[in-house]
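Participant: Provided herewith is a single structure, encoded as structure tokens, for subsequent inquiry.
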Amino acid sequence: TPHICSLSPGGPDHIQDLDRAGGIPAVMKTLAAHSLLDTGCLTATGKNLADNLSSVEIKDGAVIRPVSDPYHVQGGLAVLFGNLAPDGCVVKQSAVVEEMMTHQGPARVFDTEEAATEAILGGKINAGDVVVIRYEGPAGGPGMREMLTPTSAIAGMGLGAACALITDGRFSGGTKGACIGHVSPEAANGGPIAMINENDIIRIDIPTKTIELMVPEDEIRERQARWVKPEPKIKTGYMARYARQVSSAAQGAIIE
């Protein structure tokens, strides 16, 4: 599915521009005209999608581009796989600058969001680094916190086009740059992200949908054998139960 509407922070327009151009219904009508939506499905209005969209107008073709002239041929999100994320991870590729679509650099490893933010704001992260924030996934957080603070800090320190960030946590829609989240399996469940050592080389290749820890597989297996699951951050109450029972982000982070 092509990327036909690009809003801030990944693009030039804002939500009010989209509203003026016809809103989400206009985006849907553009896609439906190319059989990219099932217009026969029934909706909450009691009518099918085709009926709902019949009177919709696309009022600004510069904001909502035609499918023949998209911002990007592929959609805004990409799912990457590799030995660092065997079950996948997610990046908003539409907000990644061209020079960071492929990147290789040393890992800077942090076990909490707060530790990473302190290092970024303290000037301890350099251009080319790959910031790794782990134990922030559904079970490890617990709750899979939003990593907006460190990503904003990277941008604020002028490193948004020079550093990547990888986490088993999640992001908001306001994130831009090479920020890769939902790494699965997560660190708290012994995923490969827990085996990364400081200064290990990580390779990210968004066009080929791959993410790799450039460490020999036998070394990764040795690290896994030595790994000890950390004590849970919360040991009583609902959040402790949630941490014990929640599934991987790759399965929707649901209570099992």
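Yeah, the Cβs are placed from backbone N, Cα and C, and that goes for glycine too.
Where the annotation comes from TrEMBL, it is an automatic prediction and has not been curated.
Sharing the feature lines straight out of TrEMBL:
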type	residues	note
DOMAIN	1-52	domain 'Dihydroxy-acid/6-phosphogluconate dehydratase N-terminal'
DOMAIN	63-253	domain 'Dihydroxy-acid/6-phosphogluconate dehydratase C-terminal'
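Situate these features within the shown structure.
Facilitator: Each residue in the domain 'Dihydroxy-acid/6-phosphogluconate dehydratase N-terminal' (1-52) has a pLDDT score, and their mean in this model is 95.
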Participant: Based on DSSP, tally up the residues of the domain 'Dihydroxy-acid/6-phosphogluconate dehydratase N-terminal' (1-52) by helix, strand and coil.
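Facilitator: Across the domain 'Dihydroxy-acid/6-phosphogluconate dehydratase N-terminal' (1-52), the residues distribute as 21 helix, 5 strand, 26 coil.
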